[in-house]
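Q: Look at TrEMBL and you will find 37-60, 72-92, 154-175, 181-204, 216-243, 249-273, 285-303, 309-328, 340-360, 372-393, 405-430, 442-463 tagged as transmembrane segment. Residues or ranges marked as domain 'Cation/H+ exchanger transmembrane' in TrEMBL: 81-456.
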Amino acid sequence: MVQDAIENGMPGERPIYGTFNKSETIMKTKSFIRKIWIGYSYIPSLILLALVLWAIGYSLFGDKYAGIESQLFSLAVLFILAKIVGCLVAYLKIPPMVGMLLVGVLLRNVGFLHITGNYRNFTSVLRQLALVNIMLPAGLGMDPKALKKLIGMILNLAIVPVAVEVVAIAVASHFLLNLPWLWGVLLGLLLAAVSPAVIIPCLFQLQDMGYGVNKGVHTLVIAASTFNDIICIALFGIVLGIIFSTGTLVMQILQGPIVLAIGFGFGIVWGFVCRLVPSKHEDHVVTLRTLLLGLGCVLSAVGSDAIGYGGAGALGCIVAAFVASLGWRKEGWDNNNPVRLNFILLWKFFEPISFGLIGMEVNFEILEGYTVLYGTIAMTAALLLRMVTSFAVTQCSNLNLKENIFVAISWIPKATVQAALGPAALDIAWSLGDKQLIEYSNVVIIVAVISIIITSPIGAVLIMQLGPRFLHRTTENTATEVLPEVQVSQIEMETQKSN
């Protein structure tokens with residue numbers, strides 16, 4: 001009784017030195033474990049899906065194509081490790097994509113992961129699917145009022161800073177890396193393209209927490225970065241064609257306008273189709289709209305590549321999503337409509353694939369000290385000039401000082417386009433067997449690799465860390481600050497209700 005009085009106090013009195021309620025502690029522990037499980041149970045689900053897919057491949061194709069020494073098994077390991085490491089680095093307040101990127105770099109450079117043959121085509125398709133999955137929520141989440149208000153600023157950001165960066169890279173690479181002027185322009189166009197795979201997911205998270213929503217900052221950056229990449233990809237193809245003299249000069253010059261026409265044309269048509277079909281009163285309207293919009297945009301991506309105008313694919317995706325969302329808004333769906341939520345949930349699967357494969361393109365064996373040093377100097381100087389130009393261009397907008405700085409910082413990450421187009425010149429140079437062209441192509445790909453290594457993690461961290469500090473938060477659009485993983489369970493619930 002004495003001990004009990006010491007711990008719990010006499011009836012009606014406070015305990016002498018604290019209490020220990022065993023049942024309450026157990027309940028709190030169970031509640032905490034339950035919250036963790038609800039928030040993170042999707043991770044073992046995705047890992048199990050990857051293992052089941054590999055097991056299916058092994059059952060169908062055996063050791064030769066799906067055994068533990070096969071490239072398919074290596075890709076499964078890449079996916080699982082990237083997802084796990086991404087979750088671990090998230091605890092350090094670092095964007096998970098940084099951890100996923102580094103896993104791809106590590107597995108490639110220790111010799112575990114090396115994709116060859118038909119698997120190159122397979123990974124290329126995976127990257128395209130991931131890019132489609134990025135563009136669709138971006139288009140669906142664009143605010144038409146903000147887009148209309150900011151269209152002039154979007155065009156300025158997509159053209160003026162790009163021109164400054166391309167010229168700066170061309171000049172710096174000519175004097176520091178001894179590249180001919182035309183090759184310097186080619187390198188400048190390659191480096192001027194920003195990475196939607198890094199920028200858009202970061203903006204998703206900031207938008208979902210309400211940051212920058214009041215002035216449409218996410219719409220401004222996403223739209224400008226999309227046009228930025230379309231311009232860079234189209235002009236890169238033209239300059240590449242001039243260097244290697246492929247096709248007539250007229251067709252090379254017309255490639256850019258053709259890419260824009262195909263992208264806008266397909267996007268507008270398919271967007272209207274998804275607005276009309278199926279009826280909004282259909283019982284499974286969310287599922288059918290998700291499938292129609294998603295598969296149509298996959299066709300846009302792979303079809304544009306098949307006809308030789310690859311840059312049209314991404315543009316077609318974002319235009320189709322935006323046009324479809326305009327009609328859906330009239331039916332009462334806002335930025336977080338259930339179709340967009342489905343694609344956000346699907347991104348949980350494609351995210352480790354996308355960044356793991358980007359990291360896989362970073363090969364330390366090709367890096368040369370002289371090229372690395374001067375390539376880094378050229379890239380950094382040009383990027384700083386671009387950021388200053390972006391800051392200057394936004395001075396005429398309604399953004400305040402901190403928001404202008406954030407927009408300028410948003411142009412740092414480079415990965416997707418550099419990984420996809422970096423080896424293009426080298427492939428052609430090897431096929432021609434010209435040693436001088438091979439040397440120039442090696443410089444281009446080395447600087448592209450450096451840009452991925454340096455700018456992807458730094459850009460992602462700066463966007464996520466400075467966004468909450470520099471952007472205004474619209475609290476009514478954000479119920480509470482919840483973990484992204486917990487948000488996934490809410491997405492599933494909302495989607496089920498909509499269905």
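Including glycine, each Cβ sits where the backbone N, Cα and C put it.
Note that this is a predicted model, so its numbers are computed, not measured.
If you look at the structure here, what lies around each of the features I listed?
A: Beyond its flanks by at least six residues, the transmembrane segment (72-92) meets 40, 43, 46-47, 50-51, 53-54, 57, 65-66, 98-100, 102-104, 107, 112-115, 119, 123, 351-353, 355-357, 360 of its own chain at Cβ-Cβ distances under 8 Å.
Listed as Cβ neighbours of the transmembrane segment (181-204) (distance under 8 Å, sequence separation of 6 or more from its ends, same chain) are residues 95, 97, 130-131, 134-135, 137-138, 141, 162, 165-174, 212, 218, 221-222, 225-226, 228-229, 232-233, 235-236, 239-240, 242-243, 314, 344, 347, 351, 354-355, 358, 379, 382-383, 386, 410-418, 421-422, 425, 440, 443-444, 447-448, 451, 456, 459-460, 463-464, 467.
Residues 135, 138, 141-143, 145-147, 149-150, 153-155, 157-159, 162, 182-183, 185-186, 189-190, 192-194, 196, 199-200, 203-204, 206-207, 249, 252-253, 255-256, 259-260, 263, 310-311, 314-315, 318, 399, 403, 406-407, 410-411, 417, 421, 424-425, 428, 471 of the same chain sit 6 or more residues outside the transmembrane segment (216-243) yet have a Cβ under 8 Å from a Cβ within it.
When Cβ-Cβ distances below 8 Å are used as the criterion, the transmembrane segment (249-273) is approached by residues 230-231, 233-235, 237-238, 241-242, 292-293, 296-297, 300, 304, 309, 311-324, 326-327 of the same chain, each at least six residues removed from its ends.
Outside the transmembrane segment (340-360) by six or more residues, the chain places 42, 46, 49, 78-79, 81-83, 86, 96-97, 100-108, 113, 115, 123, 126-127, 129-131, 133-134, 136-137, 140-141, 197, 201, 204, 286, 290, 294, 325, 415-416, 419, 452, 456, 488, 491-492, 494-495 with a CB less than 8 A from a CB of the stretch.
Below 8 angstroms of C-beta separation, residues 153, 156-157, 160-162, 164-165, 168-169, 172-173, 176-177, 188, 191-192, 404-405, 407-409, 411-412, 443, 446-447, 450-451, 454-455 of the same chain, each at least six residues beyond the ends of the transmembrane segment (372-393), sit close to that stretch.
Residues of the same chain lying 6 or more positions beyond the ends of the transmembrane segment (405-430) and with a Cβ under 8 Å from any Cβ of it are 101, 127, 131, 157, 161, 186, 190-191, 193-199, 203, 212, 217, 220-221, 225, 229, 232-233, 236, 240, 243-244, 246, 354-355, 357-358, 361, 383, 386-388, 390-391, 394, 399, 437-438, 440-442, 444-445, 448-449, 451-452, 455-456, 458-460, 462-463, 466-467, 470-471.
Same-chain residues lying 6 or more positions outside the transmembrane segment (442-463) and placing a CB less than 8 Å from one of its CB atoms are 94-95, 97-98, 101-102, 105, 173, 177, 179, 183, 186-187, 190-191, 195, 198-199, 202-203, 206, 358-359, 361-363, 366-368, 371-372, 375-376, 378-380, 383, 406, 409-410, 412-415, 418-419, 421-423, 425-426.
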Q: So which residues does the transmembrane segment (154-175) touch in its own chain, when a touch means Cβ under 8 Å and the partner is 6 or more beyond its ends?
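A: Apart from its flanks, the transmembrane segment (154-175) reaches 147, 181, 183-185, 187-189, 191-192, 220, 223-225, 227-228, 231-232, 375, 377-379, 381-383, 385-387, 389-390, 393-394, 407, 411, 443, 447.
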